[in-house]
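Worksheet: one structure, shown below.
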Amino acid sequence: MTADLSFPPGFRWGVSTSAYQIEGAVAEGGRGPSTWDTFCAEPGKVLNGETGAVACDHYHRYAEDVALMRELGIDTYRFSFSWPRIQPDGTGPGNAAGLDFYDRLIDTLLGAGISPAPTLYHWDTPQPLEDAGGWLSRDITERFADYASVLAARFADRVPMWITINEPMVLTLMGYSLGAHAPGKELMFDALPVAHHQLLAHGRAVQALRAGGGVNIGIASNHAPTWAASDSAEDVEAAGLYDNLINWLFADPVLLGKYPAGYEAAMPGPVEDDLKVISTPLDWFGINHYSPVSVGAATGQADTAATDGIPLPPGLPFEPRALEGYERTDFGWPIVPAAFGEILRTFKDRYGDRLPPIYITENGCAINDVPVDGVVDDQRRIAYLDGYLRSLRSAIDDGVDVRGYFQWSLMDNFEWAAGYSQRFGLVHVDFETLERTPKASYHWLHDVIAKNRE
Ligand code: BGC
């Protein structure tokens, strides 16, 4: 790869986190129960029975964490609001202590010269809303718009960048289709309404945020190239089906106002009218990217790495296959820097002038190095970031309008069904003492950012 690590003037550098993964303090400040509290309490759902009850204790240690961000040199911090902290039962004017916490966080960030870029929803639904049907019920779109209005009223004066929903594909697939994430439903294709309702909630939230004075609004959607396992017609067709399901089902409605062929009929509600709301123009589009996936026709050779070890049921018209010949992260995800540039070029080609500027709202890797004599020498994360950033730069050279890169994640945190087993952070967290130790990759990224500011 020839591209270097210099980025266009004004390029934004950030880190990303999410509420349930870092905050802890689940029973403080009037926070209500969330679907992730419920899911974690169910035996066998999360590795070692771990939970986000304490996590990184960011709720109490946010000032220390903002200081780490300032030292790193980032200009943007992507975090998420905890919906059950703001609206404990999913409705109403907003819980004062919850709003106050985010006031303190936002003001501390601004004081450190860092722009807050909050996500409204990163998978922690107030449990009462789940009990009323959750994302299977159209009513949640109304609730979400109302929640967005509460946030805009309180924070639009200080928040210069907003993100509606994180990875609607993952909640649909892992949460409602396969049952590997909260709320643990195994509905297979009957989970499709979850996709539609999240997209509609996204569109309604864009409108509600703007009505409340919010500006610079996007979504954080995960995307990855789908590579056919071979040139055979069967594998190519299977890869196309999978590609529609994980990529274009979630991006086409937002950017083109339509579903890939065959999906509209499966969606609930007045779909044509909804698509007008879903495609409310965005200021930018956020892409989370980790690894490409290889897909072939169903033959019983499925590799479960693409679904975090969860086997897909038999009878599907495709199956993810092992991607051979690449190093893997400690989570087993293939390390393929070129795929990053590829998915960005695909977006440019597919959407043309319908594509607003792009931000990379997540990219990173689980490398589970721990301190040795106080030093975390995570050279494999440095190699990963170096390769992925060069690939990103090559896409920019090819004309893809990418405006910023937000690394996942600032610090090791609760990695959903994998509990605390996977370390994605630039900063090591000792989950016994909660001590933070910046890793070698933190210092490396610091230098990359500093060089870009020279
Ligand atoms: C999610 C994060 C998660 C990360 C690594 C993304 O899918 O938005 O919450 O921790 O990837 O798995």
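The backbone N, Cα and C atoms fix where each Cβ goes, glycine too.
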Additional site residue, Y263, Y290 [criterion: listed by TrEMBL with Q21, H122, N166, W408, E415, W416 for substrate]: Y290
DSSP-derived structure type at H122 (substrate binding site), helix or strand or else coil: coil
Rounded distance in angstrom between the Cα atoms of E167 (active site, proton donor) and E415 (substrate binding site): 15
Chain-internal residues near N166 (substrate binding site), provided their CB is under 8 angstroms and they sit 6+ positions away: S18, S80, T119, Y121, H122, W123, A220, N288, T361
Length of the line joining the Cα atoms of W416 (substrate binding site) and E362 (active site, nucleophile), in Å: 16
Alpha-carbon spacing, W408 (substrate binding site) to E362 (active site, nucleophile), which is rounded to whole Å: 5
Candidate binding-site residues Q21, Y290, E415, pick with smallest Cα gap to E362 (active site, nucleophile): Y290
